[in-house]
Amino acid sequence: MSQSNLNDKTTLTGKRKLEDMSENSSSDEDEESLFLQQAKEVFSQQRKPFIIPQFPENMPDKVNSDEDDDDENFTDDESQLSNEETSEQVQEEVSEEEQEEEMEKMEESIEQLAAGREEKEDADIIIAICNAAKPQEKIKPPDLRSSVNCMVTDISFHPSKELIAMSNIEGEITCYKYGNEENELLHTLNHHKKSCRVLSFNHDGALLFSASKDKSVVITDTETMTVMQSFRKAHDSPIYSLLCMDANIWASGDDDGVVKVWDKRRAIQKPVAEYKEMDEFVSSMITDSGSRLLVCTSGEGTLTAFNTRAKKMEGQSEVYPSEMNCVGLIRQETKVIAGLGNGNMYIFDWKAFGYHSDAFGDHPSAINCMIPIMDNIVITGCDDGKIRAISLFPHRFLGVVGHHKFPIERLDISTCGHYIASTSHDGRVRFWNISYFEDPNLKLMESTTKKSVRNKKRSLRKEKLGFQLPSSKRRNKGDFFAGLAEPEPGPAEPEAESDSDAASDSDAESASEAESEDVK
């Protein structure tokens, strides 16, 4: 065979092989395509349906087609793992939502509490305003005014009835029945031609003594309001002070320092005893329960005691730098306290009148009048128009009882002990309810601010000089909406113990400072 024929055969055989291979490959592709379609149909029928878990509302309801195609290629184990992971994610998301809901509920509850508290505060404020608008309960008698609108010189409470007598600079005497609702005018007397300086009921209230600048003394029966006795020339100088010592004995003092003791049982209008031991006016008088000693203060600055039974002077103090305007008995009549024009107060032991045993000198102005209301509490009337309460042993200011625009001239206390009356230059008599002093639970002027030991006494003195007591019409700055403040939680006893410990610590510090100063 020739070489060309062999080449042609080989080419033919190669073509045939390529054709056969192409035919086989095409048939295989057809078979594979057919097999894949059938397999897909079979597998889709036999495969379990995929359960889609219930997602929250904010999750999409349908899954993307790409994710579905990927899930089809997973095996059974992989599908189980994916289901567990998705369930854990769902639980985490649900727990986060529950926490968010709880936080929202807490916020709502806090908002509700805040709103409730605001409503309560608003209601409390409204109640406070309504209570302030209501007419308050009257706890003291209304003020009295002089009929001729002139200066009231003296006042005196009846010892057993709700009756008060007042005199003015014109010599007129008026008697009122006082009460919380209103005051009723009972009598008007015109016994004196000049200013009536002194008024005083006797011990049982049956007689009213009055002394005047015209040097006369008149004794009036309080039942009939008739004159029982009249002493036209009782003194050679105008009478300044008068005191009923017992049922029959009374004493008077004039502008020249003369003291006279009288007995109303005597038919002759002459004094039982007469003393001239002072050079200035006799400002005030007191006596003890036995009426043995008559203690007088004078404008020359001395305290003088007279023995009315022995008719001699018992003792006299040294001359003090200012006039003595008032005097009182304290500590169960064992001590005498005197108020001076320079604002000082001196305490003398009974029957030891030569020199004072104690002093209290913190008043900012002159002390014009004084009245002891308890065994260790004294009320003073000063030139600055303030009525102050002072505690003695230990000595400290309790606060301001009341106010006048002008200097306080006279003070007196009612029989029940609940009211004091005060007079000034404004022509009126004011009443002050002081029954709160009888409350044992009342704590007056407790300082809540911490102060250094060095400035503690000075700052407390300044605070208490202007501290308003419940009887005062004015209010302290710290009392504004004080009733709306919520009490602090916790027992009261530990606080009291801590307060006492703090007080003891401060006392110990002050004592140590005093000792160091003494050593220096």
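Cβ coordinates come from backbone N, Cα and C, glycine included.
Because the structure is a prediction, the values reported are computed rather than measured.
Straight from TrEMBL, the features:
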type: COMPBIAS; residues: 1-13; note: compositional bias 'Polar residues'
type: COMPBIAS; residues: 66-105; note: compositional bias 'Acidic residues'
type: COMPBIAS; residues: 494-520; note: compositional bias 'Acidic residues'
type: REGION; residues: 1-110; note: region 'Disordered'
type: REGION; residues: 464-520; note: region 'Disordered'
type: REPEAT; residues: 189-230; note: repeat 'WD'
type: REPEAT; residues: 401-435; note: repeat 'WD'
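Residues 139-146, 149-162, 164, 166, 168, 178, 366, 368-371, 373, 379, 381-389, 469-474 of the same chain sit 6 or more residues outside the repeat 'WD' (401-435) yet have a Cβ under 8 Å from a Cβ within it. Mean model confidence for the repeat 'WD' (401-435) is a pLDDT of 94. Look at the repeat 'WD' (401-435): DSSP puts its residues at 1 helix, 18 strand, 16 coil.
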